[in-house]
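Asker: Pulled the feature table from TrEMBL, pasting it below:
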TRANSMEM  12-38  transmembrane segment
DOMAIN    77-266  domain 'ABC transmembrane type-1'
TRANSMEM  79-101  transmembrane segment
TRANSMEM  113-136  transmembrane segment
TRANSMEM  142-159  transmembrane segment
TRANSMEM  198-221  transmembrane segment
TRANSMEM  241-273  transmembrane segment
DOMAIN    304-550  domain 'ABC transporter'
Amino acid sequence: MARRGSVWLSAVRTPVGACSAVLLAAVVVLAVLAPVLWGDAAAAIDTDAIGQGPSGAHWFGTDSLGRDLFFRTLVATRLSVGLAVLATVIGVGAGVVLGTLPSVLPRWAGRLLTAAVNVAVAFPGLLLALFLAVIFGVGTQGAVLAIGFAVAPAFARLVQTLTASVSGRDFVDAARVSGVGRIRLLARHVLPNIGEPLVVNATIGAGSALLAFAGLSFLGIGVQAPDFDWGRLLREGLDGIYVNPVAALAPCAAVVLAGLAFNLVGETVAAVVGVRTRATKRSAAPLPPASTAVVAEPAADAVLVVENLRVAFPGPGGWTVPVRGVSFSVRPGEAIGVVGESGSGKSLTALAVSRLIEAPGVVTADRLEFDGKPVEKAADRDLGTSLAMVFQDPMTSFNPARRVGRQLAEVSEQHHGLSRRAAFARAVEKLAAVRVPAAARRARQYPHEFSGGMRQRAMIGMGLMGRPKLVIADEPTTALDVTVQRQVLRLLARTREAEGAAILLISHDIAVVSQTCERMLVMYAGRVVEDLPTGSPAQHPYTRALLATTVDLDTDRDEPLAVIPGRPPEPGQVPGGCAFAARCPLATDRCRSEDPVLVPAAGRHRVACWHPQVSVLSGQSHEEGAA
Ligand SMILES: Nc1ncnc2c1ncn2[C@@H]1O[C@H](COP(=O)(O)OP(=O)(O)OP(=O)(O)O)[C@@H](O)[C@H]1O
């Protein structure tokens, strides 16, 4: 709540925000107070001062009955703004109903309604308002309804588009599959997710409604005497424009200023809800102290150096830090696996390295260097060609609307300056290199025409379009069957041999990592708790427990499957001391109070534990060490 308040505060401090706040405050204060303070002065008829120009007594002059135009302009604020807001509320309400109905009506009725909305949208708004004003009847009520229903089709169209974009999302499908009814689905899952853009558009729409209302009153089919709004004042002022131009200009200026107030408020709201992230990024995240891992000086030619990497996100109760000081380095051509239970920070570490953490997430590190340069400063071209990223679900990584070959070719067009044709030929070549059969034909297909394994290989092919020095593969085989899984792992190994690329392989599957990598980083609660050569005996009780839960052909099926009791702590609730202590059979008071540091055990083996297990076999013996 406090964060949201501070984001609004920083938005109001921008020039646009400050102007919108001042203008809106002026409009609201006038709308509330002007009729109370100056209602009588605005209505007072003075036959001695008919049709006068501006003077000390009447700043904007007087009208044909000698009424003061300055006070009338101020008093008209309430009706002009109030009716515009009312018309907008009607328009947005009708728009939401018309826009959401197609998703609850039978298909034919929904289509009919959508077609009707599309036809109405094609009509110019003011023309539609005029047409409806005639139908609803001349007068304030008719004008409000006319403008409300005239803007409704545009909002209905917006709602339809936003609804369609949310309806395809996985969480809506999940709710649908779990039997949630259509109306509830709409109310609970769809509408809350389209609320923000709708509010922004409604605020900007209120400015247009104000203008439309003034237009109808000007034409004599809006507000009727004795009531008056700015449109009506403008019409009356126009009759005597050669005698007193201020009489016409004052209501015009009022319409422009109030319209500007609505539009600027819309812009500010958009900046807060849409680009809230930017405001957040600037404010420094109050990060907790970093892990004090003992960082060995990385090899001079290390392709990736990560020291004290931290990733934080703002939450309702303050900042959470899911990655709390991760340090490691990767040598050229080396394959390193990252393992750990779900939520341990593996993916965030990979995303931070690839500069893919989106605001409001904040990444800090003592050192975060790729290929000898700080990642933050690396040019997009360098990262694009020498760092390849393979995601778990390549379906969401490929653009579904573009052919696979063209997407691969884009890398070479962008970064190598190849012509369209040459880049496409290279894409076909790379697809063939990653064993996509009939590569030339497949390159012309869309991602949905590929099988899961083929898409994953195409994704690796995309990484090979440059000359990758590091391939980061985040759970690249989790969604694949065992045979395809092997193909993809072999392909990664071949890429390593052929291109000399280092591999950072993130996986839940410790067996996969053991087969593919020579080193393994074990992560727990946002930290690396052990960094060991694969095959060498693990010393951290967590790594040993993970290894014990691995099922293979030698696992005794008569024995119950091994599990690690308890659950890892949530990022915001990591206890003091060792984060694993609550689940560790060897934990002592020291573990619960002092956080162990990642220190060298032997060679490049590092472990963060007060009681590292040096025995290979049963894990029964343990040593006090590393203290
Ligand atoms: N954008 C975000 N905002 C807030 N918290 C996040 C965000 N992304 C991830 N987290 C949290 O950070 C923690 C680590 O997430 P991460 O995806 O790195 O875990 P992981 O080890 O890769 O897990 P998995 O194996 O399930 O993918 C999780 O608890 C997650 O809830």
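Each Cβ is built from the backbone N, Cα and C atoms, and glycine gets one as well.
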Asker: Note the mean pLDDT of the domain 'ABC transporter' (304-550), expressed as a whole number.
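Answerer: So the average pLDDT across the domain 'ABC transporter' (304-550) works out to 86.
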Asker: Mind pulling out the one from 12-38, 113-136, 142-159, 198-221 with the most Cβ pairs under 8 angstroms to the transmembrane segment (79-101)?
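Answerer: Comparing 12-38, 113-136, 142-159, 198-221 against the transmembrane segment (79-101), the winner is 142-159.
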Asker: Please determine whether the transmembrane segment (12-38) and the transmembrane segment (241-273) are in contact (criterion: at least three Cβ-Cβ distances under 8 Å, sequence separation 6 or more).
Answerer: yes
Asker: Could you tell me what the rest of the chain brings near the transmembrane segment (142-159), counting residues at least six beyond its ends with Cβ under 8 Å?
Answerer: 83-84, 86-92, 94-100, 117-118, 120-121, 123, 125-126, 128-133, 135-136, 194, 197-198, 201-202, 205, 208-209, 212-213, 216-217, 221-223
